[in-house]
Amino acid sequence: MDRIRIVGGNELKGAIPISGAKNAALPLMIASLMTDDTLTLENVPHLADVEQLIRILGNHGVDYSVNGRRERQDAGYSRTIHFTARNIVDTVAPYELVSKMRASFWVIGPLLARMSEAKVSLPGGCAIGTRPVDLFIDGLRALGAQIEIESGYVVAKAPKGLVGNRYAFPKVSVGATHVLMMAAALAKGETVLENAAREPEIVNLADCLNAMGARISGAGSSTITIDGVTALSGARHRIIPDRIETGTYAMAVAMTGGDVLLEGARVDLLEKALDIVAQTGAEVTQTNEGIRIARNGAGISPVDVTTEPFPGFPTDLQAQFMGLMTMSNGRSKITETIFENRFMHVQELARLGARISLAGQSAIVDGVPRLKGAPVMATDLRASVSLVIAALAADGETTVNRVYHLDRGFERLEEKLSRCGATIERISG
Ligand SMILES: CC(=O)N[C@H]1[C@@H](OP(=O)(O)OP(=O)(O)OC[C@H]2O[C@@H](n3ccc(=O)[nH]c3=O)[C@H](O)[C@@H]2O)O[C@H](CO)[C@@H](O)[C@@H]1O
Ligand SMILES: C=C(OP(=O)(O)O)C(=O)O
């Protein structure tokens, strides 16, 4: 099993190209199930989750081909991929595939809309809470689907097709918004989704569906209106830059000090998180090429944060921010409101000398002047990168084990950081 070895203490200086967003790429790839024409996606990141979803879509009959040409030399692996679901050959998404990744459950929307049936295993994904699927089931039922749970599978049927309706989410859910938007795009008549998620990935998906011929308005606000159409065509669409990768490297620079340009990053995708990084004492500047983050000399100021749905501070940056706060010059309080079990990084950060105590939904972090390298274990995707952030500033050597979590969501992490002066390497085997 691969490990990452880091020797801390170097400032980060240079440029980091920001990859296409994992959490936009996954629903966009799934949208390829909705047409028998080709959907071409540009800026697809090279990540374990993307490869896994390619396998899952292949099982339903989606062919794909990758453009050989590199899009940007620096971004290396980000690619243009053509997806074609000429025929859906199987409407079952089996446990062996779906259990590895939460987003693969989302095929339920397109399969049901196009084929009038789907049988999808209950999902897996990062172990950060119970992560039920009740909102998907309620929402699809509101569109006329008949749904049963049988032996760990959600079995959905809509023999007469889906029919538009008004559905108010009792709780904001990114995944359920993606799925209902896709299902409603091919339903009869109008659907109005209230209390919908407003994340930029929702807007990216709605833009793509509209380019395919859907009629969706209001994405990015909490009310989305969808006028169903009978069929969708192919399209060419670009994946937005990864706002979580952007925030992660911004926090890494705030932690180590230095000066880094996050190439291709967009401020509008993560305003709140960048405000918070600025409050810790880093300089954050939008430039024509991306976002520049610098911190010279001054210490790290403690800042309290509470995770919230977009446009609030994202839960997917909570662990990284805690990594940064471990060396602040005071006490900060970090409150997690989205997932009930997303503090698995606390005990691993403690191995590096962090002082953190948990009180219900909050973590109280007392900054320390120095961290010291140690062997640590990645427990989930964002938790593992919080350990990398802490290790970059710790004295001596840290090894991060179970790197497969990192590979789900960070493209060429060790290469991007070492090009900015970090001492970091992957040890295979
Ligand atoms: C692949 C992807 O894009 N994953 C992101 C997506 O996950 P995901 O779409 O799974 O997250 P949701 O927005 O659905 O989850 C938000 C909250 O709603 C709850 N819930 C959700 C669905 C449901 O049917 N019932 C229910 O109770 C969840 O348990 C959680 O407490 O949004 C999360 C919140 O921004 C991010 O952390 C994940 O990185
Ligand atoms: C939690 C995440 O992913 P998933 O929803 O796929 O588990 C994430 O991207 O941080």
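Including glycine, each Cβ sits where the backbone N, Cα and C put it.
Automatic, uncurated: that is what TrEMBL annotation is.
Annotated active site, proton donor per TrEMBL: Cys126, in sequence order.
When other Cβ atoms within 10 Å of the Cβ of Asn23 (phosphoenolpyruvate binding site) are tallied across all protein chains shown, the result is 24. Classification of Asn23 (phosphoenolpyruvate binding site) by DSSP places it within a helix. What TrEMBL lists as phosphoenolpyruvate binding site is Lys22, Asn23.
Residues or ranges marked as UDP-N-acetyl-alpha-D-glucosamine binding site in TrEMBL: Arg102, Arg131, Pro132, Val133, Asp134, Leu135, Lys171, Val172, Ser173, Val174, Asp316, Ile338. Around the Cβ of Asp134 (UDP-N-acetyl-alpha-D-glucosamine binding site), the number of neighbouring Cβ atoms within 10 Å comes to 11. Asp134 (UDP-N-acetyl-alpha-D-glucosamine binding site) carries a helical DSSP state (H, G or I).
For 8-417, the entry in TrEMBL reads domain 'Enolpyruvate transferase'.
Under the heading 2-(S-cysteinyl)pyruvic acid O-phosphothioketal, TrEMBL lists Cys126.
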Problem - Contacting binding-site residues, sequence order - Lys22, Pro132, Lys171, Asp316 vs ligand 1, Cβ under 6 Å - result: Pro132, Lys171, Asp316
Handout entry: Integer Å distance between the CA atoms belonging to Pro132 (UDP-N-acetyl-alpha-D-glucosamine binding site) and Lys22 (phosphoenolpyruvate binding site)
Key = 21
Practice task
For each of the binding-site residues (Lys22, Arg102), count the other CB atoms lying within 10 A of its CB, then report the residue with the highest count.
Solution key: Lys22
Practice task
For the UDP-N-acetyl-alpha-D-glucosamine site as recorded (Arg102, Arg131, Pro132, Val133, Asp134, Leu135, Lys171, Val172, Ser173, Val174, Asp316, Ile338), determine the largest distance between any two Cα atoms, in Å, rounded to the nearest integer.
Solution key: 22
Practice task
Scan Pro132, Lys171, Asp316 for binding-site residues whose C-beta lands under 6 Å from an atom of ligand 2 and note them, or write none.
Solution key: Asp316
